Amino acid sequence: MRQLFHVSWRVALLCLPWQTQWILQTGSIGGFPWEQGTLRIYASWMPLAVAAGTGLLLSGKRSSAQQWHSRERLMRILATLFLTGAIVGTSSWTATGMWALEAFLLAAFVFALFRQHVSSQTIGFWFVLALLPHTALGIWQFFVQDIGGASVLGIAEHRPWASGTSVVEHGLYRVLRAYGGFPHPNIFGGWLAAGLALLPFLVRQAAAKYGVLFYVFSGAAFTAALLITFSRGAWVAAVFGFFFAFAVSLKHASFRADKQSLWLLFAVVAALTAWGAVTQWDHIYARIAATERLEQWSLVSRKTSLIEGWEAWKLRPVTGFGPGAGIVGIQDIRNRLSRPSPAAPEPPHIVPLSMLVDMGILGFVAFILATFIFWNRRKTRFSWHVSGPVLAVFLLLAFTDHYLWTLWPGMALGAVILLLCAADIPPKAPGPLHGKGA
């Protein structure tokens, strides 16, 4: 069983970025497709469930009284969360059921790896490895300016001239943004930002030159791909996360070789950023200045989502509309105000407000309590080497978009970040490409 656990959790991490899925029932609301209300099964759930199940069974054989006490407290918080947010008055059992299933699978996966003491270095290595195919795919998509659909990989077809495709538009240009294997460039950018924030720590821990070169190469690839996602929120998160990680790792680097490796990574990332900024400046400026028609529409839609989200929350401030079902409240606001819209209703582009719309004050407080319990049990073993940079990325992404809460690939990224924080302890054994402890 232990061998099955070690294989399955690695396969799960490799599969998490891919969106291969079987749609059982398509959801719709207000005449538009509804992502959260669609009944589906993701292929990545299978290794995720196996890893969670085997990990928890293995940990159950050696649980102590303190571990059981911690588990009981966590269970009480989770029970409060789902009773107040999902069961009591949910507006869509399909959306809430899907969200709850996804959250349960991810929570069980994180808890299982935490209980099995999988090191942050090992998790980081497999996270980086999982992102590399998407990085290559995203760079290819940008250069050919075309994305052919591949249902077996969960990739939708996107053309730069087609409506609904994420592009940078200025003058006569409509430039396709890099998607990788993700449903939106912003989500791809968020994963890349987290990857970049991990690299200084992983480079410092690399035991051999080939390990350093692997992570430096990954840094170059992630930087190039991140630039062509043209995701403003991911850019900001990556800058803060990478510099934070670099400064902390450099401060704790005890050997000259470690410092040289860190400076090599920094030089490569900085050089590629400068090169990309020069060669793609007209597209980057269009995103930053936000004066063109499409960029103005993007900003207006974000502002509208915040206004509609706030109004929807005021309809059910205590219990919300149910996890994953906040869109019902936003559509209700449109119906009440007889406000037609050419665009589908969106969750507010800030995670805390999306949480309030979904779960109300009670659910929001439950998450705060759960966070407090997690911090209280981890603070004596907390290290800024990994946790600080990835948490900075998480917070910046949470305040620039909603996908960490509302969409499966975003929730999966949030779970990996939580896992890295929980696993940020000195490993018992070296991980791949590593030989030094945390």
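Glycine too: its Cβ is placed from the backbone N, Cα and C atoms.
According to TrEMBL, the feature domain 'O-antigen ligase-related' maps to 221-368. The average pLDDT the prediction assigns to the domain 'O-antigen ligase-related' (221-368) is 91.
Per TrEMBL, the feature transmembrane segment maps to 42-61 (among others).
What TrEMBL lists as transmembrane segment is 73-91 (among others).
Positions annotated as transmembrane segment by TrEMBL: 97-114 (among others).
The transmembrane segment annotation in TrEMBL covers 123-143 (among others).
Below 8 angstroms of C-beta separation, residues 17, 120-121, 124-125, 127-128, 131, 134-135, 138, 166, 178-180, 212, 215-216, 218-219, 222-223, 225-226, 229, 231, 233-235, 237-238, 241-242, 244-246, 248-250, 261-262, 265-266, 269, 385-386, 389-390, 392-394, 397, 401, 403-404, 407, 409-410, 413, 416-417, 420, 433-434 of the same chain, each at least six residues beyond the ends of the transmembrane segment (186-203), sit close to that stretch. The annotation transmembrane segment is assigned in TrEMBL to 186-203 (among others).
Look at TrEMBL and you will find 210-228 (among others) tagged as transmembrane segment. Tertiary proximity for the transmembrane segment (210-228) is limited to same-chain residues at least six positions away from its ends with a CB under 8 Å from its CB atoms, namely 128, 131-132, 134-136, 138-139, 142, 177-178, 180, 188-189, 192-193, 195-196, 199, 202-203, 234-235, 238, 261, 264-265, 268-269, 272-273, 276-277, 280, 284, 433-434.
For 234-250 (among others), the entry in TrEMBL reads transmembrane segment. Proximity of distant same-chain residues to the transmembrane segment (234-250), defined by a Cβ-Cβ separation under 8 Å and at least 6 residues beyond the stretch ends, is recorded for 186, 188-190, 192-194, 196-201, 203-204, 226, 259, 262, 265-266, 269, 384-385, 388-390, 392-393, 396-397, 400.
Within its own chain, the transmembrane segment (262-278) has Cβ neighbours under 8 Å at 196, 199-200, 203-204, 212, 215-216, 219-220, 223-224, 227-228, 242, 246, 249-250, 253, 284, counting only residues six or more beyond its boundaries. Marked as transmembrane segment by TrEMBL: 262-278 (among others).
Distant neighbours of the transmembrane segment (350-375): 73-74, 77-78, 80-81, 84-85, 99, 306, 309-310, 312-313, 316-326, 329-330, 382, 398-402, 404-406, 422; these residues of the same chain sit at least 6 beyond its ends, with a Cβ under 8 Å from one of its Cβ atoms. Summarising the annotation, TrEMBL assigns transmembrane segment to 350-375 (among others).
Beyond the ends of the transmembrane segment (382-399), by six or more residues, the same chain brings 120, 124, 190, 193-194, 197-198, 200-201, 233-234, 236-238, 240-242, 244-245, 248-249, 252, 350-352, 375, 405, 414, 417, 420-421, 424-425, 438 to within a C-beta distance below 8 angstroms of the stretch. Summarising the annotation, TrEMBL assigns transmembrane segment to 382-399 (among others).
Distant neighbours of the transmembrane segment (405-423): 13, 16-17, 19, 35-36, 42, 44, 102-103, 106-107, 109-110, 113-114, 117-120, 123-124, 127, 182-183, 187, 190-191, 194, 198, 324, 326, 347, 351, 354-355, 358, 374, 378, 382, 386-387, 390-391, 393-394, 398; these residues of the same chain sit at least 6 beyond its ends, with a Cβ under 8 Å from one of its Cβ atoms. Per TrEMBL, the feature transmembrane segment maps to 405-423 (among others).
Across the domain 'O-antigen ligase-related' (221-368), DSSP assigns 113 helix, 0 strand, 35 coil.
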